[in-house]
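Q: According to TrEMBL, the feature domain 'Nucleoside diphosphate kinase-like' maps to 1-132. Taken from TrEMBL, the feature ATP binding site applies to Lys3, Phe51, Arg79, Thr85, Arg96, Asn106. Annotated active site, pros-phosphohistidine intermediate per TrEMBL: His109, in sequence order.
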Amino acid sequence: MIKPDGVRRGLTPEILARIQRKGYRVVGLKQMVIARETAEAHYGEHKERPFFGELVDFITGGPVVAIALEGENAIAGWRAMMGATNPASAAPGTIRADFATSMGENVTHGSDSPESAARELGLFFAEGELLA
Ligand code: GTP
Ligand code: MG
């Protein structure tokens, strides 16, 4: 997902270009504003964290671009392209190192396991919106 800060800053084409160069297949692509209850479900694992409210406010605060990627080892590969959650620790050349300045606004999101990918695809895409 390209988070609201990334969309607002016009980074969508740059990020899609990186995905294309990497060789992943885009099987779903959608610009949308996330409903609050969807965001709360999406970030459910962080419910008890002190920054949860801020996180939900941020992710619902403007359009995001939801992207469904397919490719060999795509979950770990996309997370490697994003870099560390905190951009100060992200490796040079990663999306977060190149574009993000804070932990809260770190440009992109990636599912962290096959289970969370399945859950998140179900939250953001309706049946029939993904290519076979
Ligand atoms: P996501 O792909 O967005 O899930 O990032 P991640 O898996 O690298 O990090 P994690 O799931 O642990 O946290 C989810 C998001 O919460 C992060 O991407 C940050 O934007 C935000 N976050 C995590 N820790 C903090 C924090 O201490 N303060 C604030 N403001 N945001 C945080
Ligand atoms: Mg996460």
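The backbone N, Cα and C atoms fix where each Cβ goes, and this holds for glycine too.
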Q: Restricting to the chain of Phe51 (ATP binding site) and a gap of 6 or more, list residues whose Cβ falls under 8 Å of its Cβ, or answer none.
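A: Expected: Gly104.
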Q: Enumerate in sequence order the binding-site residues Lys3, Phe51, Arg79, Arg96, Asn106 whose Cβ-atom distance to ligand 1 is under 6 angstroms.
A: Phe51, Asn106
Q: Whole-number Å distance between the CA of the residue listed as 'active site, pros-phosphohistidine intermediate' and the CA of Arg79 (ATP binding site)?
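A: Rounded to a whole number, the Cα-Cα distance is 8 Å.
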Q: Largest pairwise Cα distance, Å, within the listed ATP binders Lys3, Phe51, Arg79, Thr85, Arg96, Asn106?
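A: If we measure all Cα pairs in Lys3, Phe51, Arg79, Thr85, Arg96, Asn106, the largest is 22 Å.
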Q: Counting Cβ atoms within 10 Å across all protein chains shown, which of the binding-site residues Thr85, Asn106 comes out on top?
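A: The largest 10 Å Cβ neighbour count belongs to Asn106.
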